[in-house]
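Enquirer: The feature active site, acyl-thioester intermediate is assigned by TrEMBL to Cys189. Look at TrEMBL and you will find Arg93, Gly94, Gly95, Met96, Ala97, Thr98, Phe99, His100, Ser158, Val159, Gly160, Gly171, Met172, Ala173 tagged as substrate binding site. Taken from TrEMBL, the feature [4Fe-4S] cluster 1 binding site applies to Cys266, Cys271, Cys277, Ser503. Annotated [4Fe-4S] cluster 2 binding site per TrEMBL: Cys292, Cys296, Cys299, in sequence order. Residues annotated as domain 'BPL/LPL catalytic' in TrEMBL: 48-228. The annotation domain 'Radical SAM core' is assigned in TrEMBL to 278-492. The feature region 'Disordered' is assigned by TrEMBL to 520-555. The site 'Lowers pKa of active site Cys' feature in TrEMBL is assigned to Lys155.
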Amino acid sequence: MSRVQALPHNTPPRTEYATPLEILDLGRIEYGEALDFQKSRVSSRINGVTGDTLLLLEHEPVITMGRGGLAEHLHVSEEHLRRQGVGLFWVERGGMATFHGPGQLVAYPIILLHEKDLHLYMEKLLAAIAAVLRSYGLEPQLGVHGPGVWVNGGKIASVGMAVRKWVTFHGMALNVNTDIGWFGLITPCGNPTERITSMRQELGHDVDFAEVSRRFVRAFADEFGFSQRPEPQERRPDWLTVRLQPEASVGPVEDMLSGLRLHTVCQEAMCPNKGECFARGTSTFIILGDVCTRGCRYCAVGKGKPEAPDAAEPDHVAQAVQRMKLRHAVITSVTRDDLPDGGAGHFVAVMKAVRAASPHTSVEVLVPDFQGNRDAIDAVCDVRPDVFNHNLEAVRRIFAQVRPRASYDLSLKVLAHAAERGLRVKSGIMLGLGETWDELRQTLADLHAHGCRFLTLGQYLAPSTAHVPVARYLAPDEFDHWKRVALDMGFTGVASAPLVRSSYRAEAMLEEQAAASRLQHCQADDASTDATVAGHQGHQGRQGMSCATRPQGIA
């Protein structure tokens, strides 16, 4: 009898780990995307960047074949699967064929096995599943036909694991409200007589999926001796530590800005990149004063009644851009709902002054919503900034909590209008406010659908205890993941990292896009040249001539 089969009904919780466990609910997600994130999180755990994590999710319909899987375990062709919208993956976990899909709770523990005992790990994982089923009045049976959990002779949960340097991945799948008809596509776990069941089938009604997830988390934490990580964390993770720049590297820039009576995001918004940006001789200018008429609950900029716009400010910004020899200048502002045009005319004056003083400097504007005033938005668009940036800041559900006097849909309309005017459109989102993966994915889709092609994703850091608290600190691998997701969606440029802010290294994003455009243009020219040469083989000297070698002025 295996140790799994011998697990007693009343096995007490074990406490070998006694460490926090981070719970990440990934929502409904494609298998390949989840697998990529698993692998990156495993690497982060091995390298000590992140702690132990439990990933919870549902998959879109997919068949996975473990190391023991055989081609004959698949009952239909791969073409048939594609037509049905079902994915197929051969993976490195143990086991054979199984199905994942909507209504099935999938859990991927990514934890360091301190005991280095795979049998004990499997015992605990199965015990956690069994505890959930018992809490619904079901009687689980373990190890009937190998690893897994059965109820009334039907298999209700599958397990499969992989380990790298004693860090686990893959995990378990519990059929909650799953359509078990999908399992007819395969020989489940290589057993042709296996009957598959679900909690819905055994209980006779749909089961609250979120409640099953909560019960599994509690059972898993109890079984492994984890404490669920309190949120927010009292201490910022190491990856949010910024090395301060010497005063000598930032002092001259601050003195110059002070002399011109200019404000910057670096100073007013307590930006964590202030030292780096000043050391590089760059800055993002805040125009229209340093007092905002809105009351956003995440922002450190002062609130109250602002002064009248400074008529000399456009010239002062232009002087600063010229003295700092900027390749790229970002112009933003506080929100000025007190002005008839929301300050759009002042943006126009500043852009024109900068271009007159420094014609080779590209200009990016980071604008408020102008309360949806189309004339104001058009006035800014008419000057043709190199980048039109308006930050969405948060997912729809959280938006009103952190921006009570703004509108999610209005912000999308502002971006869409700028895109319709043919501008490069950019937006930014703060992460760590309590958004779910499903919500973030939808927000990215909303931005892309409204013409946004440049994106910044950064960690929200509460300026004080009076501001909205941080719900969670995202690890660097999550930011890497969302960059890949956004690029796959069709975004052209994405900056995604814990300390990224909307104007951070803005010039690099624009330059990378310009370089990509030049490369695409060169490749198109090369293709055209090759076609011409193929049609005129008697013309010598043109074959292989690329954009880099072709004489200037030759089309």
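Quick reminder: no glycine exception, Cβ is built from N, Cα and C everywhere.
So where do these features actually land, and what's packed around them?
Expert: Cys189 (active site, acyl-thioester intermediate) falls within a helical segment according to DSSP.
Neighbour count (other Cβ atoms within 10 Å of the Cβ, all protein chains): 26 for Ala97 (substrate binding site).
Under the DSSP three-state reduction, Ser503 ([4Fe-4S] cluster 1 binding site) is assigned to coil, being neither helix nor strand.
For the recorded site, Cys299 ([4Fe-4S] cluster 2 binding site), the DSSP three-state label reads coil.
Cβ contacts within 10 Å of Lys155 (site 'Lowers pKa of active site Cys'), excluding its own Cβ and spanning all protein chains shown: 25.
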Enquirer: Starting from the Cα of Arg93 (substrate binding site), work out which of the recorded positions (Lys155, Cys292, Cys299, Ser503) are within 10 Å.
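Expert: Correct set: empty; none qualify.
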Enquirer: At the level of the C-alpha atoms, what whole-angstrom distance separates Lys155 (site 'Lowers pKa of active site Cys') and Cys189 (active site, acyl-thioester intermediate)?
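Expert: Per the Cα atoms, Lys155 (site 'Lowers pKa of active site Cys') and Cys189 (active site, acyl-thioester intermediate) stand 10 Å apart.
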Enquirer: Look up Phe99 (substrate binding site) in the DSSP assignment and report helix, strand or coil.
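Expert: Where Phe99 (substrate binding site) sits, the three-state DSSP reduction gives strand.
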Enquirer: Could you round the CA separation between Gly160 (substrate binding site) and Cys299 ([4Fe-4S] cluster 2 binding site) to a whole angstrom and send it over?
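Expert: On Cα coordinates alone, these residues lie 45 Å apart.
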Enquirer: Taking just the CA atoms, what is the gap between Gly95 (substrate binding site) and Cys299 ([4Fe-4S] cluster 2 binding site) in Å?
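Expert: The Cα atom of Gly95 (substrate binding site) is 51 Å away from the Cα atom of Cys299 ([4Fe-4S] cluster 2 binding site).
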Enquirer: From the Cα of Phe99 (substrate binding site) across to the Cα of Cys299 ([4Fe-4S] cluster 2 binding site), what is the distance in angstrom?
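Expert: One finds 46 Å between the Cα atoms of these residues.
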Enquirer: For the domain 'Radical SAM core' (278-492), what's the model's average pLDDT?
Expert: 90
Enquirer: Tell me, in order along the sequence, which binding-site residues from Ala97, Ser158, Cys292 have their CA within 10 Å of Cys189 (active site, acyl-thioester intermediate).
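Expert: Taking Ala97, Ser158, Cys292 one by one, the ones whose Cα falls within 10 Å of Cys189 (active site, acyl-thioester intermediate) are Ala97, Ser158.
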